[in-house]
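Taking it in order: structure first as structure tokens, then the write-up.
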């Protein structure tokens, strides 16, 4: 009962805040003048902010930025012992450093290391902290480029990557991080830099941005279950809101940018239904005491904190996997079999409810285009969306996009199961071990970063295979989205033909929700049956 | 951009990328957390974090036995228990029911904790799916058709010989104890519910570890269970102890967020201040 009221409250706050924030982001991110400090920054970086890029150059700048980011983090981690503020920690071995660098640059933030014993202040702040902002901003950049592709006519220009990156970072993330960081500090999250004690860490400044940018990595091994990262029910509620806020607000921003708030309400309805389905399924699984251990205990309290309880842990878990954040305030490994399966399904859904910062929006638009295409064929007209023809050429990119995640997840999981040593990382026997392994590769590919932490990812095999999954899962979809954006932008305006499927209203919400569910989850039904479903029903 | 225009496009991208990464590192990687650290020195924020009472502690002697004059915290998987250098959970799943040579199953951990707490608090420590000797009540059933057919052989998987199995027979076949090192992987794992009450006297949080391993709180139910023991050990009235529990109980925020919790660290510190243990 309290769980439902709590969830309703969080959802009401997110929906309430998404309107002003989404409107602000539409003004801040698109058009308008460059601020004086921004001009200085562009000049120092040798960037011409008024020169727009076509999709290839936009992608080139994005990939260059990501490659340099990975290299910078790799250097920070391996050379940690020779740099100041390391708290005496050793440099990371190269495989772990590579994994961590890729993990944070791709906005995944899966941690194969324990924060308390591995990273010093400099690595946390300058390394992980920088990418907590930047990796989230890169997602927003790609979403903006796709929206411009839908809005613009007869051009090949999609905006300037550097401007989008700087504005997302300094106009959206930074002000919100400062405000919510101060609130978290006031709620008891510590913010220190003195001494050699890792508990006296700059947690407050990290916590706010880790939650709102889809990063999700913890200062401490226990992540948001740690009392210093998440001291009370108040901070817990704020953290859940932060995870959902920017991805949801971007839906509003989208409506503003395409000049049709009907579009944003339609997408919000789709997201709301999907999130509601996930939350309801997880709550039912977590409140029924069907498993042997939970029947013995009398509840799913293993791995949960007393101050949050099971309902708030379930809400946190669903929010962390329906978004791309991947933070954890409980042990997802010890969730009920089906409850853990729901978290897995949230990621397999493509993280679109509401998904990551930017990646949620472009993922959602891909599902919408499928719905438009299928719906258009059903009514026997040329599929159109926002006066753009959605033909075979456009659908090719949408389908390629939709194939990346299932292929990467299933192939990487299969390789990991088949190779010697892959299975010894499982922390639990039977179907649950398979769930853990598939969870690891789903989380990596989807850029989520949450874990069923009984799984030991810090072996050579998993470190390297997860690096591959994260790079493929993050950048290949971006290639297809930008290519599609470029193709759409070049189109001349069409006329709305009579009888074209209207992309809003109840009919379209149902169609798009169905498309999202079928497109993503059908691929995973067999593996879900072998993992969480088998465990829950046996 | 005279200087970069002579470069190939990919090189120009990378040159810009190096500068932008450097600029972001300085601004959001260093200036932001340093600025926040300065802001956190403001009055009102500086002392907001009461770290000493946020991190839970174990109230046990050097052998790990509970100190009876203190409220006991939840079980912990942080290192050897409440190790601040190793926060974390046990991460065992909801069907972790068969012990292995190197690790007891989650079910057995729950059962043994329940038994121990029951003995400490003088209440019934029995739970569903638990044996009287405090391990998971799980049978390995061998059938002549693999998973179907006539029962040929039954072993109580978590009761290592020479333990006496919790049931003597299953489907008219005698139940044996588990031989160390034997391979029971072909047996059908069959947990046995038993006749323990569905709502055991030992609360759920007393038998399960937290996500962080540093949980400073217990439920009001578990605190209430411990009240009479602590009162007895300290030679004070149970009413006094219960009043202190109420004082250190935090309700749901706004009446709906989170769960009611009793901060064990604050409660024990208050007890030591006001009613020092007789032995101490």
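Placed from the backbone N, Cα and C atoms, the Cβ positions cover glycine too.
For A:6-26 (among others), the entry in TrEMBL reads transmembrane segment.
Positions annotated as transmembrane segment by TrEMBL: A:58-79 (among others).
The feature transmembrane segment is assigned by TrEMBL to A:132-151 (among others).
Annotated transmembrane segment per TrEMBL: A:172-189 (among others), in sequence order.
Under 8 Å from some Cβ of the transmembrane segment (A:233-253) lie the Cβ atoms of residues 6, 9-10, 13-15, 17-19, 21-23, 25-26, 29, 136, 140, 143, 172-173, 176, 180, 183-184, 187-189, 207-208, 211-214, 216, 224, 261, 264, 267-268, 271, 307-308, 312, 315-316, 319-320, 323-325, 327, 329, 354-358, 360-361, 364, all in the same chain and six or more residues away from its ends. Feature annotation from TrEMBL assigns transmembrane segment to A:233-253 (among others).
Taken from TrEMBL, the feature transmembrane segment covers A:265-285 (among others). Below 8 angstroms of C-beta separation, residues 3-4, 7, 11, 15, 18, 248, 251-252, 254-255, 311, 314-315, 317-318, 321-322, 335-339, 341-343, 345-346, 349, 352-354, 364, 367-368, 503-505, 508-509, 512-513, 516-517, 536 of the same chain, each at least six residues beyond the ends of the transmembrane segment (A:265-285), sit close to that stretch.
For A:361-379 (among others), the entry in TrEMBL reads transmembrane segment.
Long-range contacts of the transmembrane segment (A:399-419) within the same chain, counting only residues at least 6 positions beyond its ends with a Cβ under 8 Å from a Cβ of the stretch, are 348, 350, 366, 370, 434, 437-438, 440-442, 444-446, 461-462, 465-466, 468-469, 472-473, 476-477, 480-481, 484, 519-520, 523-524, 527. Here TrEMBL flags A:399-419 (among others) as transmembrane segment.
Residues or ranges marked as transmembrane segment in TrEMBL: A:464-485 (among others).
Sequence-distant contacts of the transmembrane segment (A:506-528), counting only residues of its own chain at least 6 positions beyond either end whose CB sits under 8 Å from a CB of the stretch, comprise 266-267, 269-270, 273-274, 341, 344-345, 348-350, 352, 364, 367-368, 370-371, 374-375, 402, 405-406, 409-410, 413, 434, 438. Positions annotated as transmembrane segment by TrEMBL: A:506-528 (among others).
Proximity of the transmembrane segment (A:361-379) to the transmembrane segment (A:132-151) is established through 3 or more Cβ-Cβ distances under 8 Å for residue pairs spaced 6 or more apart.
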